[in-house]
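Undergrad: Dumping what Swiss-Prot says about this protein:
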- VAL1: N-acetylvaline (MOD_RES)
- 2-146: domain 'Globin' (DOMAIN)
- THR12: phosphothreonine (MOD_RES)
- SER44: phosphoserine (MOD_RES)
- LYS59: N6-acetyllysine (MOD_RES)
- HIS63, HIS92: heme b binding site (BINDING)
- LYS82: N6-acetyllysine (MOD_RES)
- CYS93: S-nitrosocysteine (MOD_RES)
- LYS144: N6-acetyllysine (MOD_RES)
Amino acid sequence: VHLTAEEKSLVTGLWGKVNVDEVGGEALGRLLIVYPWTQRFFDSFGDLSTPDAVMGNAKVKAHGKKVLNSFSDGLKNLDNLKGTFAKLSELHCDKLHVDPENFKLLGNVLVCVLAHHFGKEFTPQVQAAYQKVVAGVANALAHKYH
C-alpha cells in the first residue's frame, strides 16, 4: 500500500494509542452484529444470538485481539502486506473458505471503531490514511483467492 510519510506518521501515531484488546473485540463484535451472515464462520464461538451476547462473548474478544495483533504486524510491514499476510490468506482461503469481501467489511468496521474511540483526534486525514491501510490489508488477505 502506498502511503506518504505523513500518512504513515498519522497511522502509526494513532495506532500507538490503540488498546488492541478492547478495539479488537469491539471491531469483530460489530462485524458480527452489523453483518450477521459473517457469524457462520464462527460456529464454535457459542452464543452469538443477540448483540449483547456477541459483545460479551469471550471468544469474540479473544479472536478480535488476535486479528488486531496481526493488523499491527501489517502496520510494521506496510511495504510488504502480501508477504506479511500470505499464511493468513492461505488459511482463510483454503481451510476456512472465508469470502474475501468480509476482509473489506472488517476493515471498514475497524475504521468506525477507531473513529468512535478517538473522536476529534480521528480527523478526515487520519481516516483517509486508515482507509488506505485497511484496503491494502484486505487486498493482501484476499491475495490467495486471485
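For all residues, glycine too, the Cβ spot is worked out from N, Cα and C.
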Undergrad: Based on Cα coordinates, which of the following recorded positions are within 10 Å of the residue listed as 'phosphoserine': VAL1, THR12, LYS59, HIS63, LYS82?
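TA: So the list reads LYS59.
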Undergrad: Of the recorded positions VAL1, LYS59, HIS63, LYS82, which sits closest to THR12 (phosphothreonine) by Cα distance?
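TA: If we rank VAL1, LYS59, HIS63, LYS82 by Cα distance to THR12 (phosphothreonine), first place goes to VAL1.
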Undergrad: With DSSP, how much of the domain 'Globin' (2-146) is helix, how much strand and how much coil, in residues?
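TA: So the domain 'Globin' (2-146) is made up of 120 helix, 0 strand, 25 coil.
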Undergrad: Which one of these modified residues has the most other Cβ atoms within 10 Å of its own Cβ: THR12, SER44?
TA: THR12
Undergrad: Would you mind checking how many other C-beta atoms are within 10 angstroms of the C-beta on HIS63 (heme b binding site)?
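TA: Excluding its own Cβ, the number within 10 Å is 17.
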Undergrad: On a C-alpha basis, identify the one among LYS59, HIS63, LYS82 that is nearest to the residue listed as 'N-acetylvaline'; the candidates are the recorded positions.
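TA: When the Cα distances are compared, LYS82 comes out closest.
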Undergrad: Report, in whole Å, the straight Cα-to-Cα distance of LYS82 (N6-acetyllysine) from HIS63 (heme b binding site).
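TA: Cα-Cα, rounded: 21 Å.
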Undergrad: Cα-Cα, whole number of Å: LYS82 (N6-acetyllysine) versus LYS59 (N6-acetyllysine)?
TA: 27
